[in-house]
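Inspection log for the structure reproduced underneath, given as structure tokens.
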């Protein structure tokens, strides 16, 4: 069941004297200056969000009804700080260690450190890692023991990449 706001009774007479004047229109909110049309906290408080509904009364006469909508909070829910304590840090906190991160993606990346899953495995020695960047760093240790594979035919220098060797040979 839909409940509508009360509407004053519609006069039976259609004479101009008997009709109610139309409700005054709310002035439009000023647009924010600058490249963005969204108001910022530096420009002052935001105008209230209004929901306008076109309704029809019992006699079939349309009228508008305006309500102020509640602002939805942005970001994670905020906790209240005890008196005398600094306010809560804004962000997303880790449920394991309570570290706070600015974005949910950073939190998700951090939570890998608490898991026992190690999906990245070294093909040379079988050692496993939680992050691909750690595996890449580890692979360099295998290359360091063997030394760079590309040796200059004109001098004792060695290079990891064949393109670097070719550039070096041109300098001779």
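Note that Cβ sites are derived from N, Cα and C of the backbone, with glycine treated the same way.
Computed from a predicted structure; not experimentally measured.
Here the candidates are 31, 90, 130, and Swiss-Prot annotates 31 as SUMO2 cross-link. Taking a C-beta cut-off of under 8 Å and a sequence gap of six or more, residue 118 (SUMO2 cross-link) has these contacts in its own chain: 128, 129, 130.
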